[in-house]
Amino acid sequence: TRSGGACNSHNQCCDDFCSTATSTCI
């Protein structure tokens, strides 16, 4: 799984949790 990527409009960016506060994958 990747982390640190930017989320798209559906908060999808990787297989890990997407932080809506920072709009990034954690």
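Placement of Cβ uses the backbone N, Cα and C atoms for every residue, glycine included.
What Swiss-Prot records for Cys7-Cys18, Cys13-Cys25 is disulfide bond, and it gives similarity to another entry as the kind of evidence.
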Three-class DSSP secondary structure - Cys25 (disulfide bond): strand
Cys25 (disulfide bond) and Cys18 (disulfide bond), Cα-Cα, nearest whole angstrom: 4
Other CB atoms, at most 10 A from the CB of Cys18 (disulfide bond): 19
Cβ atoms near Cys25 (disulfide bond) (within 10 Å, other residues, all chains): 20
Three-state secondary structure, which DSSP defines for Cys18 (disulfide bond): strand
